[in-house]
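Structure below; questions to follow.
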Amino acid sequence: KKRRQRRRAAQAVRLIKFLYQSNPPPSPEGTRQARRNRRRRWRQRQRQIRSISGWIISNYLGRPAEPVPLQLPPLERLTLDCNEDCGTSGTQGVGSPQILVESPTILESGTKE
């Protein structure tokens with residue numbers, strides 16, 4: 001089953017790569033208006049390719065192309081807890097996030113420089 005998943009992922013990547021390669025950036029020749037029109041059409045094709053790529057990913061791999069957004073409390077209530085090794089090399093991003101929902105006094109105290 002894993003081999004089949006890898007093969008389908010490789011197919012999806014090849015298809016998406018082919019789509020992007022089939023739409024090279026527009027040439028810089030011609031009048032300003034012609035260049036503008038070519039760029040506009042190129043951007044429109046890029047948007048279509050992006051949506052088709054999302055469809056390919058969701059159908060080939062069985063998952064949405066975009067990650068589900070993380071629900072956070074209002075910004076005013078978020079503070080960072082740096083009491084423990086904040087950003088020690090090798091440990092960044094490891095473990096559970098240290099987000100506390102408290103008063104914003106910690107953020108205000110760091111404004112002096």
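All residue numbers here begin at 1 and follow the chain in the order shown.
Each residue, glycine too, has its Cβ placed from N, Cα and C.
Pasting the relevant annotations from Swiss-Prot:
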COMPBIAS  33-45  compositional bias 'Basic residues'
MOD_RES   Ser89  phosphoserine
MOD_RES   Ser96  phosphoserine
REGION    15-23  region 'Homomultimerization'
REGION    17-45  region 'Disordered'
REGION    89-113  region 'Disordered'
MOTIF     31-47  motif 'Nuclear localization signal and RNA-binding (RRE)'
MOTIF     70-81  motif 'Nuclear export signal and binding to XPO1'
Would you mind listing the long-range same-chain contacts of the region 'Homomultimerization' (15-23), meaning Cβ under 8 Å and 6+ residues beyond its ends?
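For the region 'Homomultimerization' (15-23), the sequence-distant neighbours (Cβ-Cβ under 8 Å, at least 6 residues beyond its ends) are 42, 45-46, 49, 52-53, 56-57, 60.
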DSSP-wise, what's the residue breakdown of the compositional bias 'Basic residues' (33-45) into helix, strand and coil?
13 helix, 0 strand, 0 coil
With DSSP, how much of the region 'Homomultimerization' (15-23) is helix, how much strand and how much coil, in residues?
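Per-class counts: 7 helix, 0 strand, 2 coil.
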